[in-house]
2 protein chains.
Amino acid sequence: MGEHTVTSFDDDLNHIQQLIRDMSELAGSMVGAAIRALVTSDNALAQRVVSDDAIMDARQRELDDRSIALIAKRQPMAQDLRAVVGAIRMAGDLERIGDLAKNIAKRVSAVGHGVTPRNLSHGIEGMADLVLRQVQSVIELYVARDADGLRTLRTDDEKIDARYTAVFRELLTYMMEDPRNITACTHLLFCAKNLERIGDHVTNIAENAYYVVTGEQLPVSRPKLDETQLSVLAE
Amino acid sequence: MGEHTVTSFDDDLNHIQQLIRDMSELAGSMVGAAIRALVTSDNALAQRVVSDDAIMDARQRELDDRSIALIAKRQPMAQDLRAVVGAIRMAGDLERIGDLAKNIAKRVSAVGHGVTPRNLSHGIEGMADLVLRQVQSVIELYVARDADGLRTLRTDDEKIDARYTAVFRELLTYMMEDPRNITACTHLLFCAKNLERIGDHVTNIAENAYYVVTGEQLPVSRPKLDETQLSVLAE
């Protein structure tokens with residue numbers, strides 16, 4: 001644990017950054033597996049995502065404890081303090097992403113076999129691909145200190161929101177066409193919503209990472225458009 | 001700002017605790033207003049909840065900044081550090097509660113007038129009452145350092161989950177009975193889910209508060225039961 005050796009602030013910070021990278025990898029693998037489990041009705045894979053969430057929680061707790069200890073011990077100023085606080089915040093968002101992946105996994109058995117119209121799960125898969133790519137790249141961009149990349153990534157969240165709104169509409173249509181679809185489609189609605197929220201957490205991470213890298217806040221983002229503005233789909 | 005005066009650790013900590021109480025009051029008022037707006041189709045009230053969320057975010061940012069500065073400046077040990085870190089975590093959950101209230105408010109116009117069957121909004125109101133009471137009491141219990149009360153409060157989350165499952169089933173039934181209800185009921189489903197998640201955040205706060213007050217973790221809670229286990233409602 002290095003308690004008996006002299007470590008530098010940079011060593012401590014590197015350890016924290018490594019935890020962030022681990023959490024990010026785990027988050028990506030959980031989101032990917034949850035969607036695969038949903039689309040292929042793989043209950044065993046879904047169960048693994050649920051168990052992975054406990055690992056994620058433990059990592060976050062470790063990162064939090066180490067970060068707080070580091071602040072108390074080293075009293076870092078300005079840029080260094082920003083990096084440690086930024087790590088705590090990013091870890092919070094990564095943990096929430098794991099949580100949302102777990103929630104998707106928990107719905108796999110409720111959605112069940114074969115209920116899903118083929119092109120519907122296609123819509124969710126397309127959305128999931130976008131989200132997964134974002135989850136995988138945001139910490140890479142942070143590690144590479146790529147401020148432009150982080151700014152672009154945040155903009156890409158609009159694409160996810162647009163996909164989500166389309167999937168939301170489509171699911172409602174399926175429910176109206178055949179009431180037997182309602183239960184499964186409701187769970188798929190929550191899955192799609194979870195993916196959209198994962199996109200929001202990636203946006204938060206990008207904003208925090210940008211702040212750590214540049215010392216500046218990204219300008220306030222566009223007002224968010226989502227399905228809460230869709231009132232008149234009915235008849 | 002106290003930068004020029006000598007303040008004690010206790011003064012600083014009291015200021016942070018005051019921010020927690022303010023955030024808690026705001027969270028309670030946002031949840032209450034969001035539900036009232038939903039049940040009475042009051043778009044103006046809904047809009048106020050949306051604006052309140054910006055205040056909530058600002059308070060959390062202030063609390064975070066002050067807490068981190070306090071840790072760096074005072075290097076608190078054990079119990080004091082626990083209180084500051086606990087405040088940061090509780091503020092995170094309060095901010096999320098505000099966010100969920102905002103999301104309910106944003107659905108008010110999508111749910112629209114008169115679509116809601118009377119006894120349905122009754123079900124959601126009953127659930128909301130329970131949730132609101134929890135939001136209002138958790139920080140009171142924390143301030144009173146009432147460990148037993150905090151433990152009981154966590155147990156009460158089961159009641160919210162049971163109500164939620166009932167509302168979820170009921171909404172699905174309404175959707176199956178008449179496809180014209182589907183859009184409104186879908187938004188109500190998300191509202192009910194948000195209330196259930198607010199309950200989860202109250203649970204987190206109770207756990208953190210218990211830890212700050214006693215120095216001990218509450219035993220691991222029951223496995224959570226929710227609507228993801230409801231697979232066969234169809235037909």
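From the backbone N, Cα and C atoms, a Cβ is placed for every residue, glycine too.
Record features, source TrEMBL:
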DOMAIN    A:20-108  domain 'PhoU'
DOMAIN    A:125-208  domain 'PhoU'
List the helix, strand and coil residue totals of the domain 'PhoU' (A:125-208) as derived from DSSP.
80 helix, 0 strand, 4 coil
For the domain 'PhoU' (A:20-108), what does DSSP give as the number of helix, strand and coil residues?
83 helix, 0 strand, 6 coil
Overall pLDDT of the domain 'PhoU' (A:125-208), taken as the mean:
94
